[in-house]
Amino acid sequence: MAKVLSFFMVLSLLAFAPILCLSSKTNYYGYLYPQFYDWSCPNAKEIVKSVVAKAVAREARMAASLLRLHFHDCFVKGCDASLLLDSSGTLISEKLSNTNRNSARGFEVIDEIKSALEKECPQTVSCADILALAARDSTVLAGGPTWEVPLGRRDSRDASLSGSNNNIPAPNNTFNTILTKFKLKGLDLVDFVALSGGHTIGNARCTSFRQRLYNQSGNNLPDYTLDQSYAAQLRTRCPQSGGDQNLFFLDFVSPTKFDNNYFKNLLASKGLLNSDQVLVTKNPASLELVKLYAENNEIFFEHFANSIVKMGNISPLTGYKGEIRKNCRVMNS
């Protein structure tokens with residue numbers, strides 16, 4: 001009798017499998033978990049990984065660009081893909097903010113991922129989750145740590161230009177200003193220092209650090225915390241005027257490899273951005289973390305992975321909030 005019952009129980013579960021599959025398109029539980037698409041779009045993670053791998057193979061810099069998109073999305077009003085929306089009607093895109101204009105990139109790769117996912121499982125995988133997965137896959141491809149990405153975010157139906165201008169840490173912000181921005185998002189000092197380590201890959205524009213070379217404190221003198229031979233080298237391609245868009249490696253030692261050389265550079269007074277170098281010069285606790293990560297790549301990787309998962313949990317839209325966009329650049333009609 002027990003065997004007969006268990007046979008009918010299996011049949012019942014199989015009958016309801018499609019319903020379970022469909023229901024996982026909506027996050028009824030209000031929390032994120034890595035298996036969210038296992039029923040509704042089982043190949044989702046592989047599709048994201050494949051497109052990201054091709055993009056990074058074409059251009060190594062793209063790994064940093066995709067990682068940065070996730071960061072710049074989450075810090076505005078949560079990880080909701082608001083950054084990806086283009087201006088339309090009364091909506092002004094976050095792409096036009098001071099931190100993103102002529103700087104944020106990789107949107108075409110996100111479009112390519114979304115297009116592939118829409119063919120595989122229409123209107124199922126959110127753009128917000130694509131950003132989170134692409135950030136992880138980019139980090140791994142650059143030689144960095146891996147982590148399980150909690151999933152189930154939904155996409156916003158609005159954007160915030162003012163939030164993008166005010167909430168994202170800027171290259172010229174003071175240490176306390178940046179730490180406050182992290183704390184307002186539920187992140188702490190360890191998260192601040194570990195996530196700053198994302199600058200082990202990627203580039204920065206001349207305009208984002210020029211003041212350090214010529215007029216750090218309004219007295220027409222360079223930043224004394226910047227190694228002066230390194231500063232002289234930077235001045236050759238970052239003049240006092242012009243050359244705003246000239247690109248420089250954030251980590252000149254291993255610019256496309258995700259490692260702890262970024263922290264070693266800081267200890268040698270060779271951090272490119274003011275927001276990098278203040279980790280060493282303005283706070284003893286952050287200095288100790290920089291020393292720890294410079295000495296131990298494994299601990300840096302562990303802390304970075306923990307912190308980016310924490311960041312990815314900032315105010316996600318779940319349940320019936322938001323939507324699953326068909327096109328990451330526009331809201332569904």
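For all residues, glycine too, the Cβ spot is worked out from N, Cα and C.
The following features are taken from TrEMBL:
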type	residues	note
SITE	R68	site 'Transition state stabilizer'
ACT_SITE	H72	active site, proton acceptor
BINDING	D73, V76, G78, D80, S82, E94	Ca(2+) 1 binding site
BINDING	P169	substrate binding site
BINDING	H199	heme b binding site
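Locations of recorded TrEMBL features on the structure.
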residue : record                             : Cβ neighbours (10 Å)
R68     : site 'Transition state stabilizer' : 22
H72     : active site, proton acceptor       : 23
D73     : Ca(2+) 1 binding site              : 30
V76     : Ca(2+) 1 binding site              : 28
G78     : Ca(2+) 1 binding site              : 21
D80     : Ca(2+) 1 binding site              : 28
S82     : Ca(2+) 1 binding site              : 28
E94     : Ca(2+) 1 binding site              : 28
P169    : substrate binding site             : 20
H199    : heme b binding site                : 24
Q: State the Cα to Cα distance, in Å, between G78 (Ca(2+) 1 binding site) and H72 (active site, proton acceptor), rounded to an integer.
A: 10
(Q) Same chain, not part of D73, V76, G78, D80, S82, E94: whose C-beta falls within 8 angstroms of the C-beta centre of the Ca(2+) 1 site? Give them in sequence order. (A) C74, F75, K77, C79, A81, L83, S156, A159, S160, G163, S164
Q.
Could you check which of the recorded positions R68, P169, H199 is the closest Cα neighbour of V76 (Ca(2+) 1 binding site)?
A. P169
Q | Cα separation, H72 (active site, proton acceptor) to the residue listed as 'substrate binding site' (Å, whole number) | A | 9
Q | Rounded inter-Cα distance in Å - D80 (Ca(2+) 1 binding site), the residue listed as 'active site, proton acceptor' | A | 11
